[in-house]
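These features come from Swiss-Prot:
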BINDING   Asp489, Asp495  Mg(2+) binding site
COMPBIAS  703-714  compositional bias 'Basic and acidic residues'
COMPBIAS  715-730  compositional bias 'Low complexity'
DOMAIN    556-615  domain 'KH'
DOMAIN    625-693  domain 'S1 motif'
REGION    700-730  region 'Disordered'
Amino acid sequence: MFDIHREELDWGGRTLTLETGKMARQADGSVLATYGDTKVLATVVSAREPKPGQDFFPLTVNYQEKTYAAGRIPGGYFKREGRPSEKETLVSRLIDRPIRPLFPEGYKCDTQVVITVLAHDLENDPDVVAMVAASAALTLSGVPFMGPVGAARVGFIDNEYVLNPTVDEVKESALELVVAGTGDAVLMVESEAKELPEEIMLGAVMFGHRHFQPVIEAIIKLAEKAAKEPRNFQPADVSEVESKVREIAEADLRAAYKIKQKQDRYAAVGAAKSKVKKYYEELALDGTKVPTAQVVSDVLKALEAKIVRWNILDDGIRIDGRDVYTVRPIVSEVGILPRAHGSALFTRGETQALVVATLGTGEDEQFIDSLEGTYKEHFLLHYNFPPFSVGETGRMGSPGRREIGHGKLAWRAIHPMLPAKHEFPYTLRVVSEILESNGSSSMATVCGTSLALMDAGVPLRRPVAGIAMGLILEGEKFAVLSDILGDEDHLGDMDFKVAGTEQGVTSLQMDIKIAGITEEIMKVALTQAKDGRVHILGEMAKALTTARAELGEHAPRIEVMKIAVDKIREVIGSGGKVIREIVEKTGAKINIEDDGTIKIASASGDAIKAAINWIKSIASEPEVGQIYEGTVVKVVDFGAFVNFFGSKDGLVHVSQMANERVAKPSDVVKEGDKVKVKLMGFDERGKTRLSMKVVDQTTGEDLEAKAKAERDAARAAAPAATGDEAGAAE
C-alpha cells in the first residue's frame, strides 16, 4: 500500500531521518523528518497554472505547532489551536526566506508549503528540522525549485562552535545562529549573540554551512529514489520587449535615478514608465498583439536594477548621491513625550522611528504558551509600520508577519544588553512607530529603542545601534553599501542587518539572493558594517550616552523584599483576602513569587513604604528596642492599646505615657491617634510592653538613647577636664 523511501544520517550526534511515501500522499511532495524524538511533516502543493493576471509569485509558508506534539492540551475556552503564535510566524518567515530565491524568475503558480510539528522531544527545536523537511518536500515535488536547501543551528559554548545545540544548551550559549543555504552558497542567517566579534559570527556562518552539507546530500539521495517528474517550465522570451523598453525609457530612468529626494525620484520613474505603458496601449488600439502589463513591468524592473547597479559599480555613486561608505545624516532626540517613561525620536535620512519605553511590574509580563511549556516574558518590543510612513494608503490593524519579524530582530539586538532581572525587576515594553521609511526601519528601531530605554533609566550594559548593509555583485566586481535605501534593498544581491555595541555584535540577519558570494566578500561587508555601527553610536551619543540616573517621573518604583516561604500563605490570606486589602489600602502593586521574593511597585514612595511595613508586620516579628509608629485602638483606665506592627497590638501603661504623672490616659490620647512607641519587651505572660515617654513624639527620636549618649559624652570629657585643671594649678 505504501511506497516508502527513507534516508538516515548521523548529524550532530543524533539521527536525522527523512521519509516519504507514507503520509500526505496526495500532496505534490511530502516528507516526514525525524531528529531525536522530534517529528515534523512538510507538504508542498503547487498549482499547475498561474491565475489569470497573476503578477507575482504567490508562495505561502505555514509552520504550525500542535500542542499534542508535546503531550499538552491548548489553553483558552475552545481548547484548540487558534491564530499563529509569534514563534510560528517567525519560523514561517525563517523557512520562506531561503527557499523563495530558489524559484525561477517568472514562475507564478500558487504554491503552499505547510509544515506541521507532530512530536517535540523538548530537546531538539523543531524549526531547523522544519526547514530541512520543507526543502526535501520541495525537492521531491517536481515544482521548479533550484534546491535543495540545508539548515543548521550553531551555538558558541566555551569558545567552541556547537552544531544543533539542544534547548538547554542554547541557554548557556553566547550565540544562537540559524544558517541556511545550498551546497555552494549561504542564503539566510538569523542570530542573537552576546557581543561577539565579527570574525566569530562569520566563523559560525561557515561552520553551519559546512555541517549541513550531509543533509543536502541525503535530500538528493532521497530525490533520486522518490522525486516526481519535473514540471516543464520555460520562462517567456522577452528580448524584443527588453529592446523596446530600453529604447523608450532608459535615458529617462537614468536621469530619474540621479534625483536624490525619494518622492521626486519616484515621480520621475513613474513618468518614464508611463511613456512605455502609453506606447503599448497605442499599439494595442491598432490591433497589434502586445505583451501583458506584467511582462512589461518585470522588464522595467530589470532595467531599473541594471541602471542602479552599474552606476554604483562603475562610478561608486548611489541613488541619493552618497558613496558606498557614507551613512545618511542622523538626528537623535530623547524625552520628547512628557508622560512617557522614556521616549526617543531617531531620524536617519528619510527613515524615522518614534520609540517609546514603558516600565511595568510583574503583573504586566506576557504569558507565552509554547510546546516547551508556559513561561513569562518581561521584555516586549512591538514594531508598527503604518502605510503613511511610505506615503501610501493601506490596511491598518493587527501586525503582519513583516512587523512581527522586524520587531523580533530589534528584540534580539537589545536583549543581550538588558540588565539582569534581579537587578532591575521591571517589565519593559517598547513600541516603535515608524513615521517615515526609506530603508532600514528595523535598524532605526534598534537605535531608537536603545535611546528610549536609557531615557527611561533602564541601565543597559552599553548602547546598541544597528545598520542595514547591501551588496552588488557582477562577475568579479562588487560593492558593499552602508545604510541602504529601500530601492537598494530591492535591487541588490544581499541584504544584511548588523546590530551591536562598540564591543561586539548582538544580532545579525542576512539574506543572500544569489550564489557566488564568498566568505571573503562577507568578511569585507561585516568589517564595513562595524565602521558604520560605530559611527551611528557616536551620533546617538550626542543625545544620550548612558542611562539616566533616576527613573522617569511617571515610572513606577519597585522595591524587592524577601520573606520566609512558610509566611507566604499568611501574606496572601484566605482566598487572597489579606493581599487584596494591602493593595486596596496602599495603592501599591504586589507580586509574590514562590521563593518568597516580593516585588512592591507604585509611583508613590509612601505607598511602597506602607505596603512594605504591612507585609513586614505579617511576616516578621517586632524587635525589642525598635521604635514604631502606631495607632491607638483602645483607651482604658490603666493605659492605651496601640496597633503598632500590622495586626500586632501592645499596651502603653499609664506610667509610660509621659514623664510627668498622668491622671487619666484619655487626657493624653484618644482612639485613632497616631503615636510613636518603643518596644520595651514582653511581660511574663508574653504581653507586649510599649512606651511613649521615651520617644520624641514629634521627631521619633529615642530619648533614652539620646540621654545615654549625652551621659557617655560627659564621662568621656570629665577626665580631660580634670587634667587641664591640674595643669593650670601648677
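In case you wondered, yes, glycine gets a Cβ from its N, Cα and C as well.
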Report summary line: Given the binding-site residues Asp489, Asp495, the candidate whose Cβ has the fewest other Cβ atoms within 10 Å is Asp489
Report task. List the helix, strand and coil residue totals of the domain 'S1 motif' (625-693) as derived from DSSP. Result -> 6 helix, 36 strand, 27 coil
Query - Number of helical, extended and coil residues in the compositional bias 'Basic and acidic residues' (703-714), per DSSP - result: 12 helix, 0 strand, 0 coil
Query raised in the report: In terms of DSSP three-state secondary structure, what is the assignment for Asp495 (Mg(2+) binding site)?
Result: strand
Requested in this report: Kindly report the helix/strand/coil residue split of the domain 'KH' (556-615) according to DSSP, in that order.
Outcome: 32 helix, 16 strand, 12 coil
Query raised in the report: Roughly where does the domain 'KH' (556-615) sit in mean pLDDT, to the nearest integer?
Result: 89
